[in-house]
Every structure is written in structure tokens, then in C-alpha cells.
Amino acid sequence: MEFPDHSRHLLQCLSEQRHQGFLCDCTVLVGDAQFRAHRAVLASCSMYFHLFYKDQLDKRDIVHLNSDIVTAPAFALLLEFMYEGKLQFKDLPIEDVLAAASYLHMYDIVKVCKKKLKEKATTEADSTKKEEDASSCSDKVESLSDGSSHIAGDLPSDEDEGEDEKLNILPSKRDLAAEPGNMWMRLPSDSAGIPQAGGEAEPHATAAGKTVASPCSSTESLSQRSVTSVRDSADVDCVLDLSVKSSLSGVENLNSSYFSSQDVLRSNLVQVKVEKEASCDESDVGTNDYDMEHSTVKESVSTNNRVQYEPAHLAPLREDSVLRELDREDKASDDEMMTPESERVQVEGGMESSLLPYVSNILSPAGQIFMCPLCNKVFPSPHILQIHLSTHFREQDGIRSKPAADVNVPTCSLCGKTFSCMYTLKRHERTHSGEKPYTCTQCGKSFQYSHNLSRHAVVHTREKPHACKWCERRFTQSGDLYRHIRKFHCELVNSLSVKSEALSLPTVRDWTLEDSSQELWK
């Protein structure tokens, strides 16, 4: 018959006996603090106490712990854990508990403390990263919204035209995701409208009998749509997208006139580029009128905004593409189309880095550039971009590794040096003050650290715990033993190591030790 609560009841009784001082057979001293406890409990929970009591059980009533490593509050917490099975850190630093548990060889507590320190560091790093991301997102959204409203107000508009007569050029993000094949749209070149490729009519084209809306009104409607799209994609702006964008299949096989939409830098306005192929059926319809509208849109949008909102690192690309475009317009006929490479450079040069995931997938892979989303620098390959991004992350990790100003870090008041916990600070302060709190009761000699006092105490007890393996001579200090071995047994040790390496037998070392010791006694 088992009693499941027996162990809990036993611990409770032992804890009450400890608080009452009943049957406590040892005293643990940590600095000036004294703790009464039971040897059996201490030896069961700590390997340090187990080894301490193993050899001389009757002569170890008082146990001195190194107060430079184990603090009194930390040992009190560990003593409560031994008797109650509960670990409550309260306001005690985790570093002090970790140092005390390591000193007492309480490995379960060491694991818990290391885990808590790791979680604490991860939490601080995540909170710092969220604050930086939130501030960067808000700054980008404000700058984009201000730029969009400013340019939209400067563009000419036709207020007399109705909303139903304006060309809705850009499809929504939902339409782009649902119908990737309709990413390129046709623009009607006459008042009656032209049937679209594949037998589908354009949903936003004007009906028969109505005139096409002017480029100014079309551009105005596009600017209004761009402002709302930037506000909707504020969260997407913070995402780090390093994937290589691929072009849509079938762009090269378009057999009808088309245009491509492009967001102008930061303002997210659309610059309409219209080209027509050399088709005999469509080459004679409204050519002169349409070319005039096309040139008006191009001059009003590109020349006014290209210089004002162009980043410094994209200026060479932009100027180069503009020169090539002007030469192409002077030499090319009406039936020529823009090459995919120049179109990609133009679109990516005028595109905000956060909008590249939405637009660059419709461009050809030739002549790709890779932009850093943090500093907007351009790189020729994704591998170089990854190397560049690692420098940003190293800088951020270095900033996060610095302790915050509001955190209570143990700091020396004299030299300003910081420490991980209080016991190392107290140990360091003795180097400034010259304090020697540990005094020998036999001769009155003082020491700065407790381990020096323990080593000195052996002189008065005349114990010789350090024995030589070769001649059985014993010494008080370990240093005396090492000097003795170097002086008398150095050649013997070297010869033994050479023999053991040459023979490589598992028992050759023990055999040689016995033989040599017999030779020494002759």
C-alpha cells in the first residue's frame, strides 16, 4: 500500500524542524550569515556537501562556504529549495543563484538558471527589434504619404470629367493575384474602342460613342489610387524580402499594343508608357492624336518628379536610362516596342524597395538589381546583398548587447568597471581598499580571500594531504609537491612517458611505475 503524499509530508516536517532548530546537526557559514540544517538533506541535494561529509563525518559540524562566490541570499534560496522543492527567485539576480548552484554542484538549478538567462536575453533582443521596426515603419509611411500628396497636388487635372469617364489603369492587388495573365492591359486608341486579345473586352475601357479621358485626368486618378495603396501596404513595407523575382511567362508573346504601369519614386504615381507593334490593321487608327497625349503624360510626370524624388545611389541608372530612352524616341518608328531590359531598369529605378515584390515579378530576369531594404544600396547579385545585410545585423546585435541604462548593473564606484553579479564586484572592491577580512585565529595573519586562509590553515594543523606517487613523501602545500617532483623525479617521468608511447600497451604505465618505485627504494 503506497502513500503518494508521504514524501511531501516528510519534507514539510524536515522544513519545520529546520526553522525550529530541532535535530539540526550542522551549521553552514556564508560570510556573517549562519544557516542551521540537517546533513542528510544537504548531502542528498548537493554533491558538494556529499563529498564534504564523505571522509570525515564527525569532524565537519561547521561548513564554511566561499562568500566570494556564494552569497547569503542565494544560499538561503537554495536551502529553501532543498527542504520545500520550490525555487522562487523573487528579486534576487539570476547570476548569483547560478554561481551558488554551480559551486554546490546542484546541476538541475544550473540548467534552470541558464534557461532563464537565455530567455531574458531573447526577450530583450526581440523588444529592441520591435521598437526599431515600429519607428522605421512609421517614418517610411509618413514620408511616403507626404510625398504622394505633394505630387498629386502639383499635377494638372481635369475637374469637369466625371469619374465614369476616367481610365482605371492599375488593377488592384486582388486582381493581380487572381489573374496573373491579365497583368498587361490594352489601351484603346480610338473613340470606338478596340477589341482586346483573347476576345475579352477591357472592363475599364470607354463605351462606343464616348471620347477617351485626357492623360491629365487619368494621371490624377492614378495618384489618388497610389496614396491609398501605400497606406494599405504599410505592414508589408517592413518585411525583408530577399527572394529573386521571376518574370511572367508569355510577356514576350504579346501580339497587341500594351502599356506598362510604373510607380514613380516615393510618390507611387504611375508613368504610362505606350508602344504599338507594326500591325497593318491598327497602325493607321488615331496615331497622331495618341502620340501627342503620350508625350504630354511623359513630360508632365517624368521631368517634374524624376530629379526631385530620386535617391542619390540610383541617379546614374536613372540618367543612363533617360538618355537611352530619348535616343530611342528620336530614331524609333511608331511600331517599335520598349526592350524588357531597359524597361526593368526604368521600373526598378523608380520603385520604392517595399513595392518591388509586387511589380518586379512581371519583368524579365535579365539585368536584375538587388536593393538593400535598410539603406537602399544596390548590388549586382543576391549573394553580395546577403553579405551586406550581415553587417547591419552585426551592428544591431552590438547595440543590443550593451546593457540598458535603467538596468541595475553592478558597477565599481571607483573605477567604473561593471560586473555580472554582486560577488565579483565585492571581490574587485578589495583591490582598491586593501581590505583583508579573513584572519587566521592561530597567528592573526589576514587574507583578502577565503581560499587563501584555508590554504594557510593547513600550516597550523600540520596536515600533509599531498603525497608523492614515486617516493610516498607527503607535503603541506601542492606547490611543494610539484617542486619536489621536478627536482627529484623529472627524468623518471620523462622516461616513463617515452616508454608508454613506444609500447602503446594499456598496462605499461602501471608496470613501469611499480618497477621504478622499487628501484628508488634500493
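These residue numbers are counts, starting from 1, taken along the chain as shown.
Every residue gets a Cβ built from N, Cα and C, even glycine.
Taken from Swiss-Prot, the feature domain 'BTB' applies to 24-91. Residues or ranges marked as region 'Disordered' by Swiss-Prot: 121-164, 190-221. Annotation source Swiss-Prot lists compositional bias 'Basic and acidic residues' at 121-143. Residues or ranges marked as phosphoserine in Swiss-Prot: Ser157, Ser516, Ser517. What Swiss-Prot lists as SUMO2 cross-link is Lys273, and the listing cites a large-scale study or a structure entry. According to Swiss-Prot, the feature region 'Interaction with DNMT3A' maps to 310-427. According to Swiss-Prot, the zinc finger annotation covers 370-392, 410-432, 438-460, 466-489, on the basis of sequence analysis.
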Leading contact stretch, 370-392, 410-432, 438-460 vs the zinc finger (466-489) - CB distance under 8 Å: 438-460
Secondary structure content of the zinc finger (410-432), with strand meaning DSSP E or B: 11 helix, 2 strand, 10 coil
Averaged pLDDT score, the zinc finger (370-392): 81
Secondary structure tally of the zinc finger (438-460) (DSSP, helix then strand then coil): 11 helix, 4 strand, 8 coil
